[in-house]
Amino acid sequence: MSKRIEAKNVDIYYSKFKAVEDVNMVIEPRAVTAFIGPSGCGKTTFLRTLNRMHEVIPGAYVDGRIDLDGEDLYGPGVDPVNVRRKVGMVFQRPNPFPTMSIKENVLAGLRLNNKSAGTSEQDEIAEKALRGANLWEEVKNRLDLPGSGLSGGQQQRLCIARAIAMSPEVLLMDEPCSALDPISTLAIEDLIQELKATYTIVIVTHNMQQAARVSDTTAFFNIAGTGQPGKLIEMDSTEKIFSTPTVKATEDYITGRFG
Amino acid sequence: MNKQVQAPHERAAHSDLIPAKPRVGDKVFTGLSTGSGVAILVILAAVAAFLLLRALPALTASADDIAAGGYTSNLAWLDGFWGWVLPLAFGTIWAALGALALAVPVSIGIALFISHYAPRRLAQTLGYVIDLLAAVPSVVYGLWGFFVLAPALGGLHRWLTTYLGWFPLFSGQASGTGRTIFTASIVLAVMILPIITSLCREVFLQTPKLHEEASLALGATRWEMIRMAVFPFARAGIVSAIMLGLGRALGETMAVAMILSGQNRISFEVLTAQNPNTIAANIALSFPEAYDLKINQLIASGLVLFIITLAVNMFARWIVSRRAAFSGAN
Amino acid sequence: MSTATLTPKRSASPSNSLTAGQLPAWTTPVVGAASLAVGFLAAWLLTGEIGLGLGVALSALVFLVVMHVASLTIEGGRRATDRLAKHLVVGMFLLALLPLVSVSLTALTNGINRLDPTFFSTSMRNIVGAGGGAAHAIWGTLIITGVAMAISVPIGLLTAVYLAEYGQGKPLARSITFFVDVMTGIPSIVAGLFAYALFGVLFGIGTVNGMGGAVALSVLMIPVVVRSTEELLRIVPNELREASYALGVPKWKTIMRIVIPTAISGIVAGVILALARIIGETAPLMIAAGFTQSLNTNPTSGAMMTLPVFVYDQYARPGVPREPYWDRAWAGALTLILIVMLLNLVGRLIAKRFAPKTGR
């Protein structure tokens, strides 16, 4: 189920503006990789190139190579739609579809992609995904109510269930807890720990304690100044990054001396 | 969108990232929606082209042709098509200006009432009530104007010509029927009132709360606050609302056709039986009986009306866009 | 500044300085009642009869003057101006209600007589004098507005989708937006002339039929649908589009299954309100769809009567005696008003009731 990602010489642009420069990294399967760094350093931008969401913005494009188990996501003829089916994503703010019930939200990916499945099979998939997102017990009696009736933390877990119902190879999370209260955050962090047994997980976070708590590997991004492209400064095991980083900038950031 | 240039690469061939068949849905849907957009441009071009095509015989006809088989000019100093259409264009603008003169103060008053005076909870409902005025079809206003308003205003017509006859607009012999430019303008004013009101109301409501509270905190009365904070902010919006109302009034047809008893003449007197006619009303009244060159002339006059309203609307949009450019300052 | 003006008054009125120097609350109703009496009395003295219009006008004048003078002497200049502005603003609102009430009442009292089953079941074929009805016109209105809707809704909707989802910043989109603006300003009679000219060129000069009327109405309806739909599509949060893309849903399906359903109630309401606007159009239909006294359900051949044109026709070409014709005109007008009001009501209810539930 989970695959390894390898980025080679990746440059990311918004029209003429180069937002991220020359990223090379390997993201291991069945592990949590965290991206940290100050605002505007390009960590979210880079995350969005991993499932080709970056190019949704008009004028945005990517140069370089990103391999998913050896297959180039940006190779000729590759359909971004197929990439996104393999690489799921959870956003900063929970965004369940307001016109759909809880169950329809979970099954949205399947239904909208014409994956024909019988009613019982659909029920099974929905239950499995909701259980996977630790939400089943809370919603099993109101599957047909609108998803927007849930609390913020529940909505975010619904969005995670929606993403894992597609059985992706990789799960990208863009600051998934930034809009949540501490208790919901804890629930999501526990969930991430469980999910990493099955998926490759990449998480962007502003919260360094969170990175330290949930990730196995941490990548630190930084920018030299406004208008400069962001760069990958250092990437290593989380333990190493938070105890003995090799680059001074990383140490400054982690110890709170800037950013 | 995705512009990266890349060497073709070997492994991609059997990848399941590459769809077996091209995604048809996206292509079809993009084509359909783009096509609809283009269709609108085509429709508009067709409107202009066909009107021009059918108007051309009238626009190119000599004065003699028109004298032989068309509507002739009543003006001593201009003959042919332009001599015929000019008084109509005058009447159109004259009636619309009259309507504006009546509607603008009332509309601004109502907009202020809804935005700054009425209780919050009632405001929206009162807005709907005013919008109902726009929902009444023009032909119904025509009936009402003919059967109710014109007779009711007979006394006012006589009073104004008797006591205020020294004022040029009110001079002359009062019309016995009340079917004058004055009455037509009142009905037009009622019809354009909702659009001016709703646009003004929107601008008034956008006044920055900070400005309003700043002036109230200085001890200003409500009216002073409105003059200090609301009007300066809303000026461009009011002007553009007025212009859009003017555009409506210029094109309004049935109500005028049914109320106004007009002729092809230029006259500034608003209360007499000799009134100018408007382009739209004249088309509506003459079209059923028109033939050959007369039809061409009517269509050509429609083109003139189109151009006048277009100019007015463009001016209104220009004001709005200019305001939008400066609105960042707030 | 304000304390300086308040201090001397405090000594003058020991009870409460903040309420001092104001007209008591009962002033407005008392002066109002008195002005009504004076106004109507003056109107009676002037004309020798109780004229409603003149009486109200004079009463309003008296009220404004008396209140202003009273306020000027007791409350001072600034307060008096404020009060005058308030009275004028309220007065303007009441003034605007007059035509609304008058139109509704006349339509109701004059139209109710002939609002009988015959009116809805018979046409004007072979009818002279009393009797007859608007069945042919009602059918015509239904057919023509139906066809107009079938033309304008797809074009308007898809164009709005293009503008909101595909066009951003493209020159084509900017020119479409500009020309939709131009189209909103087309006078309705010009739309009628266009349809007449178009059908004249295509099918021979003088061709008048239901399709022509529908085309004319479409020219008026399309820009309204585009405008309202585009606005609603733009309100749909971008997060929903991204959520859908991230699930590997193609763009067209995202639009069809996520974006449009989220905005659907507003879109439907917009279409209904647009319909309410064109259903009362008279002039373009007179020119492009013509007049007839009989039922014609084929929009591609022959003149087709519609309700507004029926009203105009009954009013403008009465026989002798005129009353039955004018009664039918009013009955038609009342029906039209009821239809338009109903459409407006339904549109607003849909817009309000089914507003998208975004966020928490």
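Cβ coordinates are placed from backbone N, Cα and C, and glycine is handled just like the others.
Note that TrEMBL annotation is computational and uncurated.
Summarising the annotation, TrEMBL assigns transmembrane segment to C:23-46 (among others).
Sequence-distant contacts of the transmembrane segment (C:52-72) (same chain, at least 6 residues past either end, Cβ-Cβ under 8 Å): 23, 27-28, 31-32, 34-36, 38-40, 42-44, 46, 79-80, 83-84, 87-88, 91. Annotation source TrEMBL lists transmembrane segment at C:52-72 (among others).
The transmembrane segment annotation in TrEMBL covers C:84-108 (among others). Here the transmembrane segment (C:84-108) has long-range neighbours at 60, 63-64, 67-68, 71, 330, 333-334, 337, meaning same-chain residues at least 6 beyond its ends whose C-beta is under 8 angstroms from one of its own.
For C:138-164 (among others), the entry in TrEMBL reads transmembrane segment.
Feature annotation from TrEMBL assigns domain 'ABC transmembrane type-1' to C:138-347.
Per TrEMBL, the feature transmembrane segment maps to C:176-199 (among others). The list of residues near the transmembrane segment (C:176-199) in space but at least 6 beyond its ends in sequence, with Cβ under 8 angstroms from a Cβ of it, reads 159, 162-163, 167, 207-209, 211-213, 215-217, 219-220, 222-224, 226-227, 281, 283-288.
Residues or ranges marked as transmembrane segment by TrEMBL: C:205-226 (among others).
Under the heading transmembrane segment, TrEMBL lists C:258-279 (among others).
What TrEMBL records for C:329-351 (among others) is transmembrane segment.
Below 8 angstroms of C-beta separation, residues 54-63, 66-67, 70-71, 74-75 of the same chain, each at least six residues beyond the ends of the transmembrane segment (C:23-46), sit close to that stretch.
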